[in-house]
Amino acid sequence: MIQPLLVVTCLVVFPYQVSSIILESGNVNDYEVVYPQKVTSLPKGAVQQPEQKYEDTMQYEFKVNGEPVVLHLEKNKGLFSEDYSETHYSPDGREITTNPPVEDHCYYHGHIQNEADSTASISACNGLKGHFKLQGETYLIEPLKIPESEAHAVYKYENIEKEDEAPKMCGVTETNWESDEPIRKASQLVATSEQRRNIQKYIELVIVVDNVMFRKYTGNSTAIRTRIYEIVNTLNVVFRNVHIFVALVGIEIWNKKDQIKVKSAESVTLDLFGDWREKDLLRRKRHDNAQLLTGIDLNEQTLGIAPMSGMCKPKSSVGLIQDYCKSYLLVAIVMAHELGHNLGMDHDDGNCICREMPCIMSPEAGSKPAFYFSDCSWNQYQKFRNDIKSKCIDNKPLKTDIVSPAFCGNYFVEEGEECDCGFPGNCRNPCCNATTCKLTPGSECGDGECCDQCRIQTAGTECRPAWDECDVPEYCTGQSAECPTDVLQRNGQPCKNNNGYCYNGVCPILTNQCISLFGSSVTVAPDRCFNNNLQGTENFHCGMENGRYIKCKPQDKKCGRLFCVEPPTGGGINCKSIRSEGDPDHGMVDLGTKCADGKVCNSNRQCVDVNTAY
């Protein structure tokens, strides 16, 4: 093992306690002044790349509560996608999109040396700013604004004065997840080598900033970008525990005016934002999920809202987050919570536990920040990711898609690496040498769906079963540890005895959608129930345009709200439908559903010829 050579230029850090100060995170009652000293940490023979402004790895030493600590930092590789873009608007309303260079950024993850379960999320752009975990406590660090000084403030999260003691909560109130799997203990949330196959997921995220937030930061786009980068850097600390990486693919700032009506009524704004994403943003920017950061106060102490299991759906893969406090950390935790809803996670109840309470999916913001998902959330997420509709987060970035220089220990296999299982103290993969990111002697592979006990599986071994008759199975080639690219039956191919047509790997039919919503006793309602969709109201419609609900045309009525009926028991029929405040697509007919012979519902909720729909 290569031992790093540590050279400390100055070990005297002069900490002292101060009673109260106003910092970027707010009014802090008790903090410590420290002077972090950079420690040179280069393996013997290593050479620092001169063209880099920000090193791939750094170490700083300072004191906390009188005890020296060493903060290890490694650059967050993959924080930005290769096609990262920023969009704002000209005075006449034109979109202006740029692709700024982000290769040599200043955002890091890390840990405290010799501290179990320690994590850190730090920006090193102008001094050290961020948070770290030490002995079970969350500390924040930020530079003090003293000219010609390296002084920083270090303080516990609990010492930040709360601006408003009223309970803050999530706006998702209607959830109906039911478990058909045993709840796993928190200690079981570490994946085994078998479970790691096909478990890593990737969310390509766009964050949109509304006009009120733009004005809240006095039009300072640099400050807004910095806040967003800090939020996404923290998201990756949180989601690493459930094997998800969040890559920022774009920022859009509504600097001139909002592109939708942003209202305090969170469910209305969420619905409008989802509609805008589907009809505007998705058509010009590839991404998996979009979150709207707003500067307005949402109703009823709500901090955020997102559709349950909305990830990958054109209209529902969205969230609405209030930029409610000065601390980026707390806003990041709210966004993590709403992304959890997008990934199928319900609110935790009293039976749910996590490594450190409170858990991310608690329905109310607690007195301390949450960093871990519960056992309940893990099970719900497993159920969601086993649904073919979640496949947009499966695509693994190519090695060349990671724009920063390669770094061994960041869990990404990059150019020049054969494997990457994290730092030596965290690596649990017997196939991979964590120090060199090379395979161990005798190993053929380190990970992948076609890697079993460090050996590439033989050709013909099934690595991805067919989910549906509209999917096809994939088999190992015998040459690679990765399962071949997922292949689906063509859209429009007849399925389920000609009762439906294939759409993105599934066979959506009205009968199954009714059973999913109301149980096995229901059937599809007669046509007269679907006539309600001709109204164009909040409950019965064929979508939304410019903030108004669209009346379904008679030929399109089976592409709007879904109607089902119970078995007749005498008397008239009862047209059953369902609507969710938090999920605009919940209870609507699925896209690709057969609406007439030879016709399917398209993304505009029109019943069109199946041969021209795709």
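Glycine residues also receive a Cβ, built from the backbone N, Cα and C atoms like all the rest.
Features reported for this protein in Swiss-Prot:
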type     : residues       : note
MOD_RES  : Glu194         : pyrrolidone carboxylic acid (Glu)
DISULFID : Cys312-Cys392  : disulfide bond
ACT_SITE : Glu338         : active site, proton acceptor
DISULFID : Cys352-Cys376  : disulfide bond
DISULFID : Cys419-Cys432  : disulfide bond
DISULFID : Cys421-Cys427  : disulfide bond
DISULFID : Cys431-Cys454  : disulfide bond
DISULFID : Cys445-Cys451  : disulfide bond
DISULFID : Cys450-Cys476  : disulfide bond
DISULFID : Cys463-Cys483  : disulfide bond
DISULFID : Cys470-Cys502  : disulfide bond
BINDING  : Asp471, Asp486 : Ca(2+) 2 binding site
DISULFID : Cys495-Cys507  : disulfide bond
DISULFID : Cys529-Cys575  : disulfide bond
DISULFID : Cys559-Cys601  : disulfide bond
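This view paints the features noted in Swiss-Prot onto the structure.
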residue: Cys392; record: disulfide bond; Cβ contacts under 8 Å, 6 or more apart: Asp288, Met311, Cys312, Ser317
residue: Cys450; record: disulfide bond; Cβ contacts under 8 Å, 6 or more apart: Ile456, Gln457, Thr461, Cys463, Cys476, Thr477, Ser480, Ala481, Glu482, Cys483
residue: Cys470; record: disulfide bond; Cβ contacts under 8 Å, 6 or more apart: Leu488, Gln489, Gln493, Cys495, Cys502, Tyr503, Gly505, Val506, Cys507
residue: Cys601; record: disulfide bond; Cβ contacts under 8 Å, 6 or more apart: Asp556, Lys558, Cys559, Val589, Asp590, Leu591, Gly592, Thr593, Cys595, Cys607, Val608
Counting Cβ atoms within 10 Å of each Cβ, the densest environment among the recorded positions Glu338, Asp471, Asp486 belongs to Glu338
Across all chains shown, how many C-beta atoms besides its own are within 10 angstroms of the C-beta of Cys575 (disulfide bond)? 16
Rounded to the nearest Å - Cα separation of Asp471 (Ca(2+) 2 binding site) and Cys421 (disulfide bond): 32
Specify the count of other C-beta atoms within 10 Å of the C-beta of Cys529 (disulfide bond). 20
Out of Cys376, Cys427, Cys559, which of the disulfide-bonded residues is least crowded by other Cβ atoms within 10 Å? Cys427
Near the Cβ of Cys476 (disulfide bond), how many other Cβ atoms are there if near means within 10 Å? 24
Given the disulfide-bonded residues Cys419, Cys454, and counting only Cβ atoms in the protein chains shown, which has the most within 10 Å of its Cβ? Cys419
Listed recorded positions Glu338, Cys421, Cys451, Cys575; those within 10 A of Cys352 (disulfide bond), CA to CA, turn out to be none
Find the one among the disulfide-bonded residues Cys419, Cys421, Cys445, Cys454, Cys529 whose C-alpha lies closest to that of the residue listed as 'active site, proton acceptor'. Cys421
Local backbone state of Cys392 (disulfide bond), from DSSP in three classes: helix
According to DSSP, which kind of secondary structure is Cys529 (disulfide bond) found in, if we only use helix, strand and coil? helix
Across all protein chains shown, the disulfide-bonded residues Cys421, Cys431, Cys432, Cys463, Cys495 give the max Cβ-within-10 Å count at Cys432
With DSSP assignments reduced to helix, strand and coil, which class does Cys432 (disulfide bond) get? strand
By CA-CA distance, flag whichever of Cys419, Cys432, Cys451, Cys454 among the disulfide-bonded residues is nearest to Cys575 (disulfide bond). Cys451
Are there recorded positions among Cys376, Cys421, Cys427, Cys432, Cys445, Asp486 that sit within 10 Å of Cys454 (disulfide bond), Cα to Cα? If so, list them; otherwise say none. Cys432, Cys445
Taking only the CA atoms, the spacing between Cys376 (disulfide bond) and Cys431 (disulfide bond), expressed in whole angstrom, is 31
